[in-house]
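Please read the structure below before turning to the comments.
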């Protein structure tokens, strides 16, 4: 039986003339048909030729190639996004591998630092502390009524760059761009938000161009009351929203997640998304080596909320593979700037306290140091996996990597800190120091390493493999919460798509060109698990798949028809 592609239904539009051309979600530019130009008062406002979206995308690609710096390319793409969103996503879809590092990490870091300097047009919602009592009115000002995904930041811990104030808005904008480009979530359903609670970045406070609230950051009870007002206003406006916390400081990230994950459908991508993609990568790497994650010893450099979130997800996975909780925790070693986390270390945060090693178990270690450094830990633990989430460059030294390789023939080394300027070690150095034997995955994109005439592909342990699929799965299933089991199902699905596992060679993670396929598969796994967990209404597998297909937006123009307001 011959299949036919179902034609998208026409959209009925009340806007016309220049107003329509200024509406990024609806603007087609030179692709408005002759009939649409006549019906929507556009005749004479556009050049004569009616173009297809592919013709527009080809021109945009040529213009893009004319820019020499990554930040200029970023600014150009953001301008298209703020002019014609459908064209923006078609262009990004056509050149995803080239453009993902430009619209998000690492280039978005520079865009956040220069936000007030390169600002051109409003996008998203800025809620400042002085406006805290007007939140309901502010959210009513959002023109898109059917918002389904919000990414919110307070700008305090932007990548590895620290406090960027309202410049942090670049992160929600970039993140939501990937929800659409990778996960097929319509841009009409997305909303970036920055909570402007001031900044402690003196450079910003002294900058005459800075556009945020010029005030030191509010903290403690005032801060949490402000965030709570925001959460309650969001629940009132969009009760079924998916809320993603993004780049909150360590002292606030885990408390906010703990407080709200059972009150509103929410997750923290820095903690849970990073953990899910890292665990998926490690499952795949372990299987490719003919073993399980539960058989590995793992050392972390960085014991903040992200590092501890990854560690807890690893522990949960190794328990699924058969370890007891105590045995699983004994395989994970957390090192921060004060050394190895132990049960005698004072002033640990609650989420760190669960990840300490008992000093009684360390008495046989070969060291004379009271503070156990990363080198001490690597020398005594003899780990199979080394993960960096420190945000500090160069901490995986040659001595440390060579010491690890001395005891592990095929070490897995994951310097995950963003942006590239903060990476713990470069893939080039790791490959050289391990004589080509390391499997390397990074947080930011790196080119393949060539060493002794052999090419070593470098996997990017990018959260974009995970969060777009989670978002699509939540929307398609109608899930009311995001459970740990849903995140673990996302990790398992990602591992199943590993070329290294499936083909015995290649990258440990799928190619970016296949990311929409991966996102769909993760969406199905997440939606199915949501149903099993009782946080979504149970349906057949066919109905869930159909819901995913129905919610997967494609960057294609639809026919417009005129209607009154």
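Quick reminder: no glycine exception, Cβ is built from N, Cα and C everywhere.
Residues 246, 247 are given by Swiss-Prot as divalent metal cation binders; from 228, 240, 262, 270, that same site also lists 270. NAD(+) is bound by 270, 418 in Swiss-Prot, and the record lists one more residue there from 132, 157, 558, 561, which is 157. Residues 157, 270, 418, recorded as contacting NAD(+), have a largest CA-CA distance of 11 Å. Residue 246 (divalent metal cation binding site) is surrounded by 28 other CB atoms, counting those within 10 A of its CB over all protein chains shown. Here the CA atom of residue 104 (active site, proton donor) lies 16 Å from the CA atom of residue 157 (NAD(+) binding site).
The Cα atom of residue 104 (active site, proton donor) lies nearest to that of 418, taking the binding-site residues 246, 247, 418 as the candidates.
Checking each of the recorded positions 175, 270, 418 against residue 247 (divalent metal cation binding site) by C-alpha distance, the shortest gap belongs to 270. For residue 418 (NAD(+) binding site), the same-chain residues 6+ apart in sequence whose C-beta sits under 8 angstroms from its C-beta are 105, 106, 109, 159, 160, 443, 444.
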